[in-house]
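Peer 1: Structure provided below as structure tokens; questions to follow.
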Amino acid sequence: MASPPLFYFLIFLTVVSAVTLPLSPFSHSTDQSPNNDAHLALRRLADSSIARAQQLKQPTSIKPNEDSLSASSADAVKSPLTPKSYGGYSVSLSFGTPSQTIPFVFDTGSSLVWFPCTSRYLCSGCNFPGLDPTRTIRFVPKDSSSSRVIGCQNPKCRFLFGSNVKCRGCDPSTRNCTVACPPYILRYGLGSTAGILLSEKLNFADLTVPDFVIGCSILSTRQPAGIAGFGRGPESLPSQMNLKRFSHCLVSRRFDDTNVSTDLDLDTGSGHKTESKTPGLSYTPFRNNPKVSANAAFLEYYYLSLRRIFVGSKRVKIPYKLLAPGPDGNGGSIVDSGSTFTFMERPVFELVAEEFATQMSNYSREKELEKITGLGPCFNISGKGSVTVPELTFVFKGGAKMELPLSNYFTLVGSVDNVCLTVVSDNTVSSTGGRSGPAIILGSFQQQNYHVEYDLENDRFGFARKKCSPYPCVPKVTYIKKVKYIKRNLFLSVSRVQIKGFDNILRTQRSLIIIISKKMSFSSVSSGKSFPSISNDTSALSVLE
């Protein structure tokens, strides 16, 4: 590994006010899958969301494995953010000299940035849909003249291991120790990764960040890509870049079989006034993180002050001890882009699910489908003249309301006959027999088609509904009465549709026809929402809003 002169790492950060990066979802295979495959896909996402929640609620510390591994001025820095079939969103970053571009999972629930590293990188159990583990993009340190291993006495080694890091073979009285920072082992839900810390250059078109601490992972399990940690720890990308705010708009996963993305915006500070608000956004302050010595990872999370949950017009009566973190760190709500479906601890989930079941009692429950998919409640809506689903609304401190569009909390499952709530829970309790960690985790599925802003400078969270399509939002409107369409070899009859005061209107996105079953009409009433459009595959082609 090359070791360039020290002055390369002491270059001052070029002044740039903001960075924009494309943010994308990992693509589904373009082959259409039978219904049982769709059920299994949902089951995988539900299981991974629960496993992710369990890890966030009971995090394990970073463990050194010491025996196993010996710019110019600009207003914006952007990168594409793309949805992926395994449930996450991908962002590409460039490191090294010359640059090597690597895809990462965008994750606000952890802090370390790490990539698959060296030509000998191994990943076990990494056969994800649409991904070939043998083609994983790896960073090769020997090909970069700016790579160097972080030393054990380097202050940045403490980012992961704290002030009590032990440097084997080092004399505590000397500052000339050449021993490397201990290797790390991290867990992420069902997966893990292990490696060593490097210092590298992070490169954008108009900005270079020298001496950036990044994990060089040699071995991983069940990891579809590296992780771009955007949490609150000192090793996270926002902390190392000293970002004032970052924001994104997560494109709907209904575009999974296309190569689309939206921008992840990184604001370094000079492009806005200190206390300015982005027009149109509702804000709620971040809540103080619980300081629990046994779970220092809680300090990395973005806690929100969720005050109330409504199903339709009915307020769900959730005990305050679940909505606010206690002195033991248990309870409260966090927002996490690395979780697919929103997680609710069992007492919260049962209250919310019960209210949906009560207000949708005219539809039969699909208990067997709930067992197969891991989602619920699920309902059979076949043979109904109209389908009405109550709204799901989160109300935060300060009055900010997140009134979710229907497609963000219900999904068609396998056919036009069944729908399921896309919120998950489990029966797990902590090792002490009680609750552990945050009670509610707001996942990325519920953040689709929202402009979301993490205002770090003013310690607040902003959001607003927005169609996160990268294409010009110029709706094409077709007026219909009784028309027949053939789309992807599927023959359906289109019936009368009512959408929020518009009669007999069929919307399209980029000339894509919304297909509606002839058996059903979808109406919007004051306490409910119209259902997503129906297609011949497992996901809706577009969304009725």
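Using N, Cα and C of the backbone, Cβ positions are placed for all residues, glycine too.
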Peer 1: Looking at 238-259, 370-391, 524-545, which stretch does TrEMBL describe as region 'Disordered'?
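Peer 2: TrEMBL lists region 'Disordered' for residues 524-545.
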Peer 1: Would you please say which range out of 55-75, 328-348 has the annotation region 'Disordered' in TrEMBL?
Peer 2: 55-75
Peer 1: In angstrom units, rounded to an integer, how far apart are the Cα atoms of D336 (active site) and D107 (active site)?
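Peer 2: About 7 Å separate the Cα atoms of these two residues.
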Peer 1: What mean pLDDT score does the domain 'Peptidase A1' (89-464) have in the model?
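Peer 2: Mean model confidence (pLDDT) across the domain 'Peptidase A1' (89-464) is 89.
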Peer 1: Applying a 10 Å Cβ distance cut-off over all chains shown, what neighbour count does D107 (active site) have?
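Peer 2: The answer is 26.
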Peer 1: Relative to the Cβ position of D336 (active site), how many further Cβ atoms are located within 10 Å?
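Peer 2: D336 (active site): 25 neighbouring Cβ atoms within 10 Å.
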